[in-house]
Ligand code: 5AD
Ligand code: SF4
């Protein structure tokens, strides 16, 4: 078992540091307060990322395992982490027990996400006991919270390395330090770093690919920890995004997902050019890649130019994830969403008018502090009016350091649970009604794999991202197929192959 810096500091000062703040004198530890600052500094883009010859030998003959929690941004970060590890000579290990390096790429969005990570970290004690050379690392959004780092320092001594969301490019050096140091290595920058291009990525499969277009978030919704864990909004240069998409098209990828915490704010941080998300999509739509999606949109920044570009269709699919969070203007105000119910509904009206057959999805929080029955009913009536194809629904979870965490919350948990249940019932009914309209239609499906429950059945997605099951040969995986829909369920469609489309 490794000692932490605690012992060393004890000898020096006679005092025992108990918090991440004390450790910060020796390590780079996080601070949510610092993370809140939004400086005016210009963001630099670095194109010179390399892994030195010496580092490329470090992982030879060793195996790694990355466990990812949370959103697609995190999934994609894990692809970068894996790419770096492979360039260091490591090979992947499906079994966590057989790995020499284990990294937990964590999510901080709700308390239950964090509880899960702490539970799993506890289990790692046994692996560490069996293999003292094992390196166990924690990265991702939870590492940005001092509360989490303190807890790991105090109770999870099996952890060797903690690094933050802005420190991924430092992984080779940090891993080396963790291997050769007796102390827990902590490097978490609370202030965002520059943009680092050209990091290697190990993409999963060769059909669908994620592409970051921007990092961070400046919206500061009062419930949300992301602006603190991911730093200020920083857009990748358009030419870098376009070059990556072109390269993916050349490699034969069939679908890309453009990623950002708030893609509609793309380009707002450019000082030298006036170039927004609509402009970017207008260029991406001319690239020969069959499907382009994006996530996540903030209703506030969804402008008319963007709607106009999306109305061209083509590879820009008619599906938009447009989180509303609440149907009550009063609650939206307390959430600092910066739009009203009426503004949101007007936006939906414009989108529906410009993009026929558009499929809308949402994120909705119930039980925000002080949410009344009437305010919750406004969420239900908005859902009925918009008719989402699906929505991710959550009970509000207080996040320390955010403004909502100190708001008085008089809604009992039982009431929150009942609201969630009721909302899910309404969404399921509408989802089924929407899907029923597709019976008898023939839809283009990108085949993703075999069904989890039946090997003879293939699973794929429509342009609107609906899951379709149909009988077919596994040679069709990665291809576009026309499927005649015969039976619609609440969250899946069932059908049979019509004809194969050449794309
Ligand atoms: N509690 C519950 N849900 C949250 N989300 C973000 N923060 C919280 C929180 N503190 C939800 C929002 C967001 C989605 C990714 O997670 O709906 O859109
Ligand atoms: Fe979780 Fe948000 Fe971080 Fe994604 S950005 S991993 S959802 S906290």
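Residue 1 is the first one shown; counting continues down the chain.
A Cβ is built for glycine as well, from the same backbone N, Cα and C atoms used for every other residue.
Curation plays no part in TrEMBL annotations; they are all automatic predictions.
In TrEMBL this protein carries:
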type: BINDING; residues: 71, 107, 141; note: [4Fe-4S] cluster 1 binding site
type: BINDING; residues: 217, 221, 224; note: [4Fe-4S] cluster 2 binding site
type: DOMAIN; residues: 62-180; note: domain 'MTTase N-terminal'
type: DOMAIN; residues: 203-433; note: domain 'Radical SAM core'
type: DOMAIN; residues: 436-499; note: domain 'TRAM'
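Feature map: annotations from TrEMBL on the structure.
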residue	record	Cβ neighbours (10 Å)
71	[4Fe-4S] cluster 1 binding site	17
107	[4Fe-4S] cluster 1 binding site	21
141	[4Fe-4S] cluster 1 binding site	27
217	[4Fe-4S] cluster 2 binding site	22
221	[4Fe-4S] cluster 2 binding site	21
224	[4Fe-4S] cluster 2 binding site	22
For the binding-site residues 71, 217, 221, which residues place their CB under 6 A from an atom of ligand 2?
71
Could you list, ordered by sequence, which of these binding-site residues: 107, 221, 224, have a Cβ under 6 Å from ligand 1?
224
State the Cα to Cα distance, in Å, between residue 107 ([4Fe-4S] cluster 1 binding site) and residue 221 ([4Fe-4S] cluster 2 binding site), rounded to an integer.
17
Could you state the whole-number distance in Å separating the C-alpha atoms of residue 141 ([4Fe-4S] cluster 1 binding site) and residue 221 ([4Fe-4S] cluster 2 binding site)?
17
Mapped onto three states, the DSSP assignment of residue 224 ([4Fe-4S] cluster 2 binding site) reads coil
DSSP-derived helix, strand and coil totals, residue by residue, for the domain 'TRAM' (436-499)
4 helix, 36 strand, 24 coil
On average, residues of the domain 'Radical SAM core' (203-433) score a pLDDT of 97
